[in-house]
Every structure is written in structure tokens, then in C-alpha cells.
């Protein structure tokens, strides 16, 4: 009954977080940000809405069909609610912080809203926590971001973490180098999206074999990189491969315990990335924990790499928080003193007959009675 | 130039928070919430948008002209972006937490968006932090909320704090008791809003004299309450006065150092409150720090009292944060170990000739050099 009423009260894909989840999410987000800012990333906070054009610039182009649009009565221009923070952080880097020294390290958290959810993430609102490293093409920058994302996830208690690497610009470079366009390209892309190596190999030509090899090598990096190293790639695809090898080597040193996998033909959700990209998963948890990769800042064309973690997935991946200790304080008790000692107090608003029973009724774990804190049985 | 470009990039009343303000705001909000949750208030988090009708119920009626409306393509119903969190918390209390024990103490923080700003707060987006105490009519509940708001403001470092009390239901009760309606009532209300005691007294009747007395007694509570006590109020106005006296007496014990003032005819912004209301100010700071008061939960008709603090005013009222210590770590330095020791590290992405110069260029206060942390001159 209450659930049905609730369903009628909130639009699909939008939820209230109740105790203890709302507090737990806040703790997770602050711990993630503490991990990120310890690496020198400084917090910025863009507004929830801004002009549509700003949100859709550069990597923001991915959000064209998922932003809510609003007419601004003040300016009579179309604004939109952000569906992702990265385009906003890129705008801040290029415009507000154009003269700040590079590389520029920025951290953020904020809610995003999407017109429709997708299969793996039906939520239409969630909180992003992330960071962007702007102004460096060094593989060390990619490695810093990926290692930081992994360390942050581990630091908040995620278990079964894996990082899946992708090279979304590799396939386009291969197809271009072989002059494959139009219907032929679309056909290959469909086969790639289905990971259908047999269709690819059945072409019988060099590019078909190479794409089939790329599909087949997907998996743990150790074996994948061995096979990948032996492929005769066109020159235009070499930078992608070189970056991948350099970054994997660094990640082995930085986060040796985190399993790395690679799926070199993965492109979904990376359509606007300009190089090495990645997704974080936790074993057995629905939806990705986070994702990131290389892109170009639209307004300045600077190279950048960043990562975003998703609060809803993190919350699903973690055990519920320990029960909070709360002490009920009857009239006359010194709640302020108990708070100074670190207690969470719940003060009576009037006299009660049985303080212990009232404490229990209010969900307290302790009660102030006979001038001492006593545990509720 | 950058400022002009920035102005063109963001709609009026919407802003980016840059370093160090964004981090400072986050610290302020978390400290305020820590203060609130220490009093047994548990965090909830409603969504940014929900059905329009939900947002406008009860005290939400005040937001009719300031919410942004959105058509939900999924349900084809009108949703809106919240302009205030209190109506959402009231909905959660009445529906999701209908069976939770009373009094119910809920805490929250979140961004709100408004179609237009007002004179004192031109910002169209800001963060609210607050709490609601639901299910009690006791004056102790009002006192708990007001004292908690004041303690929270003091705890985050606000100086020059004052709490201004109002009784928005007093004047309507007086006018009703005297059968004053229509044009006569509108005329009195205009005079009251202008605090024009002479117009009121010029009526020459009992209600005119009483309203003039109420206008004139506004000020510090000590003298105001003495005058207020001597007024011969109609019976329907007695509960308001009794609550005021009871709450002031409790506040003197709870927050003795905080100056209390009263303006019994203040109604602006309290149109949908159902009793004692209040505003927090800091001397010399534009805009109120926060506001709150009594209301009824729309869906359950429960009595409630709450307070909301505004992050933008809090940020304006506080001195800028101390400079963050950051250590630049050249290639080969053990940044992870320094972070374990509590340092914020900024890692080099490649070799540099002069580590000290690079640290300075990047805005670091320290550099890792010769196997030690050294301060930048």
C-alpha cells in the first residue's frame, strides 16, 4: 500500500533515499572525494543547469538525447539540466581557469538527471563523483586517473573490483586506414558490436582477420597484450596501442592487485572519447561503478583524461552501514555534554514515564538514565 | 575578457564555484550536517525533480511561481525542479516514513533551483541544508530547532549571529477576530508591510491601536516581550503569544549568547507557515543565513517545525579557508607514502629540470626534494 502510493508519487526512475542509505551515500561520496583531493585535485562546482550549447560541446555531444531542456524566462534561451558533469568541468577548465597552470587537476561531485534511464541503470538521477586531469597527453596522466579511480573504489570498501580497458578510436582508425566506409563499414560495426568474430573472419581479407583477432583477444590483459603485440596494425592505430601498453605497465606498478581486462573493440558509451577509455566494475554488482577516458576539451582543444564514479552503483556494491549508536536523553539530561563526548542524542520533547521504553520506541540504542548512558537490551 | 566570456556562457543567477570556494562550501555543508545529525536527525535525500503537485503541496504552495516545470516524456506528466526541499521532506515523512515513530527527525541537503532570483538573493541556484522535526506541537520542538540552527551556524564559525522571530499567523488571527475583511483588510496589511504605525493608529479603534503597538514593539525580545505581555489579544491569538514566550524562555537557556529579536507582524516568506517562524542573520552579510518555522505536513496534517540554511549566505558570511598545503612530488618520489602521512600530493607526469620551480608554478606550498618535504620560499 505504502509502496504503491510511493510509486504514484514519484516519476519512474526517480527515488527518495531514506535512512540509512542517504547518510551512507553521503559518507561514500565524501570519502571518494577525500581520496581524489589527496592527489591534488581541487573541487569545482558548476550549476545544475546552463545553456544547452555549453552542455553539448565536446564529450557532451553524447548527452544530446538525454538532457531535460528548460526555457529560461530571464534570457529566453534554452537551458538544460546536466546529464553528466564532465562537459561542465571541461568548460570551467577552458574558460574560467584558462590561465591556471597545466596540468590542471579538478574534482567534482553533483547530481545528474537523464530523460530516460537505460537497461543497466534505470535510475534517471544519480550522483557523480569524479576528477579530470587537463592539459597532458602523457600516458602517466591516463595511469594516474585509472589508478586513482581504482584506489578510490578500494578505499571506500569495494571488493571484486576490475578495470576493463577499451580503445574506442582503434576500430575507426583501422577502418579508415583500409578505406572502408558506408554500408560496408556499418556491416562491420554491427558484427563488432555483436562480437561476431566468424562474420568478420569470413570476409577473408586482412581487415576482417584483424578485427576478428581483436574480438577474440578480449579478456585479461596478460594474454590479450601478448596477442595484441603481434598484430600488424596500420600506422594510424599505433599511438592507441603504444598508450595502452605504457598505461598497463604503469598500472601494474600502481595498483598491482586490481585485475585488468581489455576489450579493444568496445565503443558503446565511448563514442566521444578520443583514446584509451575504461570502465570499473565490481563482481556481481549491476551496472558499472564508473567510467572514464581520454577526450579533448571543446573550447580549448586541450588533451584531457578523467573518470566519473556513480553513487548508485557504489551504494549497491557496498554492505549496509553499521547501526548508528543513538542515546535517548529524557528531560533534565545534559544532551549537549553527551554530544561533546561524541554521542548522537535524541532529546525528549516532554516528560516520559518509562525512558527505556521510549528510547526503544524511537529506535535508540542507548538511554541516559541514573546519570549514565545505558545500553537498550 | 574572461569575465565577459563567462557571463555569456552561464545564464544570469547561475554560477560556477571555483577553488577554493567549492571545497569550502562542501566543508561548511558537511559540518552543518554533522551538527544536525548529532541531534538525532537522520539524512534523507529526495530527487531533484518530481511531480509538480507533490512539490506544491502544503508549504510548497509558496513555490508556485518559482519552480521550473518539465514535461516527463516517460509519464507525460508535468514534473518540476524543486525550489525548496521542505515540501519533499514533508512528503517523505507522511508517505515513505508514515510508520516511523514520532517525533520524526530528518536532515537533508540539496541544491534548489528558482526561475528568478529576488533582490536579496539574486542567485537562482543554491544549496540548502536543514532539518525537520515532525509530529510534535510542543514549544520544546520549536526551541530545539531554533537552538540547533543557531548552534550549527556558530559551530561553522558564523559571527554576529542574530535570530529574528516572527508570528505570521498573529495578524490574520487579530483581523479575523475583529471581522476585518476585503478592502479594509488589504489596507491594513499594506500599512503593516510598510511598518507604518501612524496609519494604523489613525484608525482610532482597538484593532488599529493594537496593530500599531505590534509594529512599535519590534526589536530585541527583552523589551518587546514586556510590551507584548501587556497587550489584550483576542483568544484566538493567545496560542501564538504563549508559544513565543515559552520558546524564548527555552532559547535563553539553550543559546544564551545569541541575540533574539522579534518582529511580530513580519509575514513575507512566511505566508504558508502555521505559527512561530524565524530568520537567521549575520551582521553585515547580505541575505538571510537561513529561515524556518511551524507548518503542517500536507499529506498527514501532522504539526512540524524545521529550518533551512542557505549555503551561499553561509559562504559569504565566513572568512576564506586557510591555504591548502600541497607537496609537488617529482618522478621517483613516493607520493603514496606522503599521502599516508596526510599530505596532499601533486605528482609530476614526467621529468622536470627544476622541481622547486615546477612546484611553485603549480601552486604547491611544498616540494619533495632530497628525500624530504621542503617548503617553497
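One is the number of the first residue shown, and numbering goes on along the chain from there.
Placement of Cβ uses the backbone N, Cα and C atoms for every residue, glycine included.
The domain 'Class II Histidinyl-tRNA synthetase (HisRS)-like catalytic core' feature in TrEMBL is assigned to B:13-309. In this model, the domain 'Class II Histidinyl-tRNA synthetase (HisRS)-like catalytic core' (B:13-309) carries an average pLDDT of 95.
Secondary structure from DSSP puts residue B:84 (L-histidine binding site) in coil. The L-histidine binding site annotation in TrEMBL covers B:84, B:85, B:86, B:114, B:128, B:132, B:268.
Counting every protein chain shown, the Cβ of residue B:268 (L-histidine binding site) has 9 other Cβ atoms within 10 Å.
Comparing the binding-site residues B:84, B:132 by how many other C-beta atoms lie within 10 angstroms of each C-beta, the top residue is B:132.
Look at the binding-site residues B:86, B:128 and count other Cβ atoms within 10 Å of each Cβ; B:128 has the fewest. Secondary structure at residue B:128 (L-histidine binding site), as computed by DSSP, is strand. Secondary structure from DSSP puts residue B:114 (L-histidine binding site) in coil. Around the Cβ of residue B:114 (L-histidine binding site), the same chain contributes B:66, B:67, B:83, B:124, B:125, each under 8 angstroms and 6 or more positions distant in sequence.
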